[in-house]
């Protein structure tokens, strides 16, 4: 991204090392970006602090006994994890490390089970707190709180879609069932998972009530997760090194991409690409709905060959003038863009979440592609449903914000 932007500026006779350096620094000199390392830290604490096991045990106590029960455990756990870290890769790794071996040992289809867990993992980029939505909000100048609140209903629709699809796939399957737990056992499992379950509620209520900003929400989440993990005796001093190293690695990658994208956005702007794009698209259609449909199809293709965060940083500056020309709500579009590109995380050949699942299950990408196909289909339907009925997002987003 940095190289291509530099080449473009050179071609435009605007290559200047001081200008490039200034834009690079400006790319990270943004207060809301501080939320990213804290949410990354929350995910690492959850991974190393024993929180994952408590959440999965609670979900198992509730639905593990029904046919295909471990699939429902994965879906419920994915929803809860989504409200904790905001990272699809972290959530998929945490879920998969426990559930994939368990499901395979219970005679569940390996490819389909891994596909479900990967599909559940990407809910974390839609449900608040979402790291890609923070990136989008900063790039587009949209309210991050509004984006967070607007992602709630689509995220729940994705959960319902996975639930119905899994029910159809496993309606006649005789997999090993977990023992139905008693009310007392469920209560014990709930008590053990209570404090982690409280974190998503704290974040949503805090943002909705104006108690803290999205950046402060990241700090609250990290401190809260740390206190809970220490109280559970899951996070020890020996594990802190791994927690901080993991946080530093992922944060530095995201920040470098964000800084490089600022140079790319500058090059795209001075080349007048957005202006040309507006004029071209206006000749195709006058309908905002048809325009959204065309853009969503385009972004689906982009998601197959490019990771989510670079795609957001590259294409938002290009598409923003088009959205304004058609009076499309930029917060609504941001939610749609994140949902769309998140599908690319579980689509070959670049799908990073799919490779996480492959690494855990030891299955090839070809086999996983077949296993995840039904869930991709459902996600595509949900996305198009929101394109043609934007009120599904806009009404609750405005109310919750």
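Just so it is clear, glycine is given a Cβ too, placed from its N, Cα and C backbone atoms.
Keep in mind the model is a prediction, meaning the values are calculated, not measured.
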The annotated transmembrane segment range in Swiss-Prot, which must be one of 10-30, 31-51: 31-51
Listed range which Swiss-Prot flags as transmembrane segment, given the options 94-114, 115-135: 115-135
Positions whose Cβ lies under 8 angstroms from the transmembrane segment (193-213), at least six residues beyond its ends: 32, 46, 51, 54-55, 57-58, 80, 82-84, 127-129, 144-145, 148-149, 152, 220-221, 224-225, 228, 231, 400-401
Remote residues contacting the transmembrane segment (144-164) - C-beta distance under 8 A, at least 6 residues beyond either end: 32, 35, 72, 75, 78-79, 82, 116, 119-120, 123, 126-130, 133-134, 136-138, 204, 207-208, 213-214, 331-332, 334-335, 338-339, 375, 378-379, 381-382, 385-386, 392-394, 396-397, 400-401
Criterion met for the transmembrane segment (31-51) and the transmembrane segment (375-395) (at least three Cβ pairs under 8 Å): no
The transmembrane segment (290-310) and the transmembrane segment (217-237) contact flag, 3+ Cβ pairs under 8 angstroms: no
